[in-house]
Amino acid sequence: MGYFHCSVSWILFAVFIYLFRQRQRNQFKLRRKMLNEINKNEEQYIKARLDELPSWVFFPDIERAEWLNRIIKQAWPYANKYLDQAVFRDSLVPLIHATSSILADFSFQKLDLGEIPPRIGGIKVYTDNVRDQIMMDIEVFYAGDACIKAKLKGIVCGIKDIQFVGDMRIILSPLINTIPLVGAVSYFFLKKPSIDFKLTDAGTLVDIPGLNDLMITQINDIVASMMVLPNRQVFPLVNDIQIAHLRWSNPQGVVRVFVLRAQNLIKADITFLGKGKSDPFVRVKVPGSVEYKTKTINNTTDPEWNEVFEFPVEQYESDAIDFEVYDEDPGKDDFIGRAQFRLNALVDNDPVDTWLTLQDVKKGSLNVRLQYFSLTKQKSALEIMERKNNSMIKREKLSKALLVCFIDRCTNLPRSKKNRREPNPFCRIKVEATEMKTRTFESKTDPEFEYVSQILCANPLHEKLKIDVCDARNNNEIIAYFEMPIKQIFDTDTMTIDTQSYPLRSLSEPLDRATIILRLSLFILSPGRSSASHLNSVVRTPSSCSTQSFDMSSTSGTNIITDGKRNLTNEMSLRTSLEGENSSKSITSGVQTHLTPNVHRSLLENRITPDRKSIVISDDPDLKSAQYGKIKLGIRYAVPRTSLSVTIYACQGLIQVHQQNLPDPYVRVYLLPDFKNDKKKTKSVHDTFSPKFEDLFEWPASLVDVRRQRLYLSVKNNSPFFAHEQTYMGDLQIDLSNLDPEKTSIAWYALQEPNTSGGGIMKIKYDTFELNE
């Protein structure tokens, strides 16, 4: 540069100007693109960003927490100083020093939590579950400017750009009649939170894709072992509170999930000729439980798995079953759809057989069968569950009981024989093929595990609980173990053994003082929410067990299953009462129910099912005098999608339009007056006066707009263009002003004379339900 008599600063200045102008141009392009999208289709632009909105926008029972965010923002600088000195330096550093001699010189070089505080996305409060507790679910988001640097053995390593997203549950329990009114605060995550960060200084040496992902996975596992259900942290507010009792969690029930089949999945592996298949499998998970995975079915978009999984349920009011479908690949598996089923829609029903429409993909549906079991301490329920399970296929995999094991701590564990060093202990809990593991403690002979495990038992009277205490420092060698037949717990009066100390044994030499402190409790599974009422009912009618058996090959049930045929026999079969009815059979026993996946999705997304007491045989005088036939419709407002959903099931008794040929009817439907141009029609059914359609149509609109519309249907004959046949077969107009978003209407309506506009406008029927098809 000296040759041209130019300074390097001029080059730096030019680079700075270029980068600045480039940044300005990018921002301008982004704003222009956003405005163009809004001008083209404002509604589509807003819908495309729905995922970025907080949960309180979609769920009215989740409340905004902006007042709390303002408090956190104002107090964050002071909390920053407190966390720096009192928590990290005064409490955390001594604990790190005590864990191992290698960490004796560990120290924080920089601890700045930044100026951006965490945010609370929404809060949902439960006060009706238990009388002496308050439970809250809180969405926690953090994407701040924290910077933390630590020094060990002269090496400095730091992290920054920490991102954290998680759903935390806080339980205030027990409520007491003295200040502070709450005895303790328990907090935990419902599922593994999402954690991400960037490494600085020496940490950049391992900041490569493989090692970085492995490290983040390890951190997530450590958090899960401490603060993800069924594990929890407890902070006592008064002195006379037993923390061990609060760490103990009894689940509310067990959900049994049959993953049956899928249809019309997307093709993840596309060949050069445009053809392709997928190798699908399903991951199933419930908050607080392990994640299960089905086998992989190769080269198909319509796989059949027929696999069963069982999950303990902590809170059915708020929990959901998540299904994720993937295409298996040698590298990273491809996502091909997800679905969710809320457990509160399951607990009051018989076994639910349903098609779930896969989300976040263009097409695909998943067929699952679900049943909820409550937990009881009545020993007679075990025989009932045994008879029920024996009537099903895959019965060897089906559970009858749930064992909850709380490992409080171990004492006086043996040291290593070679160098007399303290072990790095962890516990491995095993019942038959089920195995769980606690977190590992460094150099401890008296580790306090405080670990809760929930183990499903297929044969509780013949299975054995085994706990191996292993030393991670010595190749996971078993240094002590404990065994107990589960029948010993079953034989107690309450099927519970309160916190008690048991001697540990060794494979090589006797142990004098080594003990393990446990709390054990056994629960028997019982179908439905109320185990006591169910047992009383079944004891009076023993045959009901075989009548209501839940078999993989059965097609009966409360809800809906498809066998691939376009055949609608009935929308619903009445359930057999499990709360003490004298008869063991439903009035519609043996009636099978078939619906296609799309129709079933429409009926289930609001989780609204007609109440059994309100279903009566229709005696509508309009139907008796229907000269032009009748049409069966399902009408409801889908709140999650803010759209009107209309299902056209079938027609009966249509008029004859030709002297020799049978008609080929179809139905045209639209909304008046605002949606007249958005006309929809069913398929045409050939040569019949009683066609069955089972077609679903939706109109995205607000409830206020929908209530201003009229639903117009016209039944037509699909005649050839030059044929001398009558086209119109019947009309119908329904006023939607009485549309109830909390109800689903399934009813027959009388068709009116063709081409009679405006006459005989009918209301939505909510008080009838047709059974005699």
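Quick reminder: no glycine exception, Cβ is built from N, Cα and C everywhere.
Pulled from TrEMBL:
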{"type": "TRANSMEM", "residues": "6-21", "note": "transmembrane segment"}
{"type": "DOMAIN", "residues": "61-238", "note": "domain 'SMP-LTD'"}
{"type": "TRANSMEM", "residues": "170-190", "note": "transmembrane segment"}
{"type": "DOMAIN", "residues": "236-356", "note": "domain 'C2'"}
{"type": "DOMAIN", "residues": "384-499", "note": "domain 'C2'"}
{"type": "DOMAIN", "residues": "627-749", "note": "domain 'C2'"}
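Sorting the domain 'C2' (236-356) by DSSP state (H, G, I as helix; E, B as strand; all else coil) yields 8 helix, 56 strand, 57 coil. In the predicted model, residues of the domain 'C2' (627-749) average a pLDDT of 84. Taking H, G and I as helix, E and B as strand and the rest as coil, DSSP gives the domain 'C2' (384-499) the counts 18 helix, 50 strand, 48 coil.
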